[in-house]
Amino acid sequence: TATMATFHDHFAATYGAERWEKSLYPALAKPTRHAVLANRYSDGKITGQKVEFPVENCEITCLLDDEFPQPQITNRPLTHWLLDAASVLAAALLDVSAGDKVLDLCAAPGGKSIALSQCLWHAENAASRLVVNESDSKRFARLKRNLKAYLPPRMMQSGLVQFSNLDASNASSLPSATFDKALVDVPCSSERHLIHNDLAAWRPASSKKLAATQVKLLMTALRACKIGAKVLYATCSIEPTENDGVIEKMMTQVEKERKKGAKWKVEVELLQDKALEIWAERTKFGWIVLPDHPAGGRWGPLYFARLSKMV
């Protein structure tokens, strides 16, 4: 169809025709690979080969097993969650530690929230807090169900984990200067999902519209964070408009706010790390994990950029 031809032309221009046709598109068209996120709050233990993340003292355990079954739902908290290891990498790179107050802004279905939770209460530290937000009511209900299945009831009851069903593209929806860490894993074009399900639904112009919302979401998270906080922006898109393009627009927006008297700025952390190169490739402001990466992990796509809110 015409849509498919435009899709292929667009990304061949973005990534180079040879790479797009010979390796990237074929890799995206293959089934998504899942890893196993182990849940430390479950009594059931699972074993397997550990995924090594380029993060010191990482508290998240993720195992490599392409044949792993979905968890048995008889015993709660559930033992594991199946997801792309690149998603766990994003959560790990936020570098959350016990005592942090953490925001997961677009949290449904909850895999990354569960990954973040692994770093928060391993040291019986009640000062840790996790606020999970999802604006869509159906997805919010699913998020709640999932977290209740994976986290001990006491965490919900004592307010260590708080649920929020706010439209985060509205800047005033969250309290300001509250969080130490924020994950902003925004709704995006999810081209791999479209390739597998409905490529006819792709529109070249939709990225621009999405990017406008993505900038708003990122700005909401930045305002909600304390000075010195880290924010990880992430998408599962291969479209630069939704990735580096959003970081660029956010920087412009922050400059405008400063002219109006805002006292904070944002630094993009370039995360120069040889260990990260096994996973991802550099972009202007961040990194992108793509399934044709020469290391052969077959993970992604996942774009991420780590930001610091500074004075």
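Note: Cβ is positioned from N, Cα and C throughout, glycine not excepted.
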Quiz item: Where TrEMBL shows Cys106, Ala107, Ala108, Pro109, Gly110, Gly111, Lys112, Asp167, Asp185 binding S-adenosyl-L-methionine, which of Glu134, Glu191 is named for the same site?
Solution: Glu134
Exercise. Taking the Cβ of Gly110 (S-adenosyl-L-methionine binding site) as the centre, count every other Cβ atom within 10 Å, in any protein chain shown.
Key: 25
Exercise. Indicate whether Asp167 (S-adenosyl-L-methionine binding site) is helix, strand or coil by DSSP.
Key: coil
Quiz prompt | Neighbour tally for Cys236 (active site, nucleophile), based on other Cβ positions within 10 Å of its Cβ | solution = 24
Exercise. Take the domain 'SAM-dependent MTase RsmB/NOP-type' (12-310) and average the pLDDT across it for me.
Key: 95
Quiz item: Taking DSSP three-state, what's Lys112 (S-adenosyl-L-methionine binding site) in: helix, strand or coil?
Solution: helix
Practice problem: Could you tally the C-beta atoms, other than its own, that fall within 10 angstroms of the C-beta of Lys112 (S-adenosyl-L-methionine binding site)? | Solution: 25
Quiz prompt | Asp167 (S-adenosyl-L-methionine binding site) CB neighbourhood, other CB atoms within 10 A | solution = 12
